[in-house]
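Q: Provided herewith is a single structure, encoded as structure tokens, for subsequent inquiry.
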Amino acid sequence: MAEVFSLRLLPTFAGTHRASSFSRKVLKPVASVSASRKVSAVRLMRIEFGGAFADLLNEKGKGSGENEMAYVERTLGFRTRDLDDRDLRLVTDVVGGTIRWRRYLDHMISSLCHDDKTFRSMEPLLIQILRIGFYEIVKLNMPPYAVVDENVRLAKVALRPGAGNMVNAILRKLVLLKEHDSLPVPKLEGDDRAQARALATLYSHPVWMVRRWTKHLGKEEAIKLMEWNNSDPSYSLRTNSGKGISRADLVAKLDSLKVPYELSLHMSDFIRIRTGLQIVIQAGLLKEGLCSVQDESAGLVVSVVDPQPGEQIIDCCAAPGGKSLYMASRLCGQGMVSAIDINEGRLRILKEAARLHQVDNVITTIHADLRTFFETNTVKYDKVLLDAPCSGLGVLSKRADLRWNRKLEDMEELKNLQDKLFDAASLLVKPGGVLVYSTCSVDPEENEERVAAFLQRHPEFHIDPVVRYVPPNFVTEGGFYFSHPVKHSLDGAFAARLKLIGSERCSIHIARVSSTLHNVFTVFPGEHRSTKLTVPKPETRRGDIERILFTISGKAGLINKS
């Protein structure tokens, strides 16, 4: 009998949930509560308070790692058996759905409490148990009294008898209201702010997202997007052509595993699956490097890059490396993909994946900060991909927890970072080369507006329309690639393909900018003295002029003025 720590979660105040006092006990398995329910409650705790992702993409389906059962013991105070395949599927459904519908569920729980203070003072584990029960009854339409019985028992054994009594009273009240079709839902009335709050509750999104999408898309389209985000995600598998695996080979494997699938309508090496991902994982298809889990929207970004054998390509902000691996497989063993990232640990994972996929001969990793990489780099690349850090507002269906981890203030910080990375990436492109800027966001401020701002700072680049590289229904009026979740039934994604003018035209441009800078320093001799920069002469080498202009744009803001 294992001796483990039992975590008791005490009542909290003002909505701040904190875990406290530990006690050491000898624990026995509690067979009266299903393993899936226990694991779901603990996983929800870890996701909300520990920052874990709500995905389940590892070999055993234990998205929080191999020590998950130990977390169950420490959090609930008792042991549980390992999960079977049916348990895993149920945990996936319950955890993902409960996270997506958190705001809606909390509204109903609060409405059925005596007052809002009662809800806000509940301990975290009690809230998770209630959320699970409400989700199973309202959204999964599970037999209500079975749900009530199991959640009451879980609350009693994990917390105390009084907590079980509270769960019993609240869930029974919910069942009664549902039977009479009188669930407490907000009404769409009042001014724009009031309606945005009501929509945010009805479709379980942060209010700031609702207001932003209503502004950019209109109310009807915003509702459709939120409905998509709340739907069960489908996944795509990309065949590993670098290892000689064809789509027909992967289809044969899926047929043998009895996993239903659809062939991608847009890419010849992708297959969609709505169910059966755990079967694919447990069969070892990912571990053997036969395929990767990658959305078609990400694959189409690689199509915009259009890797060709023999090319030198750099993937900026590359980790975890899905696009790097796909580009490498399309080089057919000729050329090189340099994957640069600030996170050394994630680069090690990328290197291991490259070895597994047998493309390690055409992938090299670089541990560096892109914003300062230009200071020591002397290599220019045929193609540069900047898959920029972004809000992830295009992948909320798969990343159920992300909507609650993003704040409006993040958007400004992200846009500033995107601009800096965009400028830095532009210094790696050889004359006549290509720079691709991409995100997994549906927000125009992170997409079209960042490209427009970049082109204002860098007139040496021009838009190269993507119509030659992706199907026409993905091409915007501006010549960019855009995958819309509702329209295309894929993750949201954006990419702009920009081309650097050739060496002759670039020399003319450098001379013009250099002359402008001379004039600026002549007219305002003291204004930028603190930058301590030498004004470039027209004959200065392009590599040097880039570094000077980049430094000026960062320190003195002259590029926009010129």
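Quick reminder: no glycine exception, Cβ is built from N, Cα and C everywhere.
No curator has checked TrEMBL annotations; they are predicted automatically.
Pasting the feature list from TrEMBL:
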ACT_SITE  Cys440  active site, nucleophile
BINDING   Cys317, Ala318, Ala319, Pro320, Gly321, Gly322, Lys323, Asp341, Asp369, Asp387  S-adenosyl-L-methionine binding site
DOMAIN    225-501  domain 'SAM-dependent MTase RsmB/NOP-type'
Q: Pick from Cys317, Ala319, Cys440: which of these recorded positions has the biggest number of other Cβ atoms within 10 Å of its Cβ?
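A: For the recorded positions Cys317, Ala319, Cys440, the Cβ with the most other Cβ atoms within 10 Å is Cys440.
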Q: Rank the binding-site residues Gly321, Asp369 by how many other Cβ atoms lie within 10 Å of each Cβ and give me the one with the fewest.
A: Asp369
Q: What are the non-local neighbours of Lys323 (S-adenosyl-L-methionine binding site), defined as same-chain residues 6+ apart in sequence with CB under 8 A from its CB?
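A: Once residues fewer than 6 apart are set aside, Lys323 (S-adenosyl-L-methionine binding site) is near Ala298, Val301, Val302, Asp315, Leu385, Asp387.
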Q: Which whole number is the mean pLDDT over the domain 'SAM-dependent MTase RsmB/NOP-type' (225-501)?
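A: Per the prediction, mean pLDDT sits at 95 for the domain 'SAM-dependent MTase RsmB/NOP-type' (225-501).
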Q: Taking just the CA atoms, what is the gap between Cys317 (S-adenosyl-L-methionine binding site) and the residue listed as 'active site, nucleophile' in Å?
A: 13
Q: In Å, how large is the greatest distance between any two Cα atoms among Cys317, Ala318, Ala319, Pro320, Gly321, Gly322, Lys323, Asp341, Asp369, Asp387, the listed binders of S-adenosyl-L-methionine?
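A: Farthest-apart Cα atoms in Cys317, Ala318, Ala319, Pro320, Gly321, Gly322, Lys323, Asp341, Asp369, Asp387 are separated by 19 Å.
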Q: Could you round the CA separation between Ala319 (S-adenosyl-L-methionine binding site) and the residue listed as 'active site, nucleophile' to a whole angstrom and send it over?
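A: The separation of the Cα atoms works out to 14 Å.
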Q: If I take the alpha carbons of Cys440 (active site, nucleophile) and Asp369 (S-adenosyl-L-methionine binding site), what is the distance between them in whole Å?
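A: With the alpha carbons as reference points, the distance is 21 Å.
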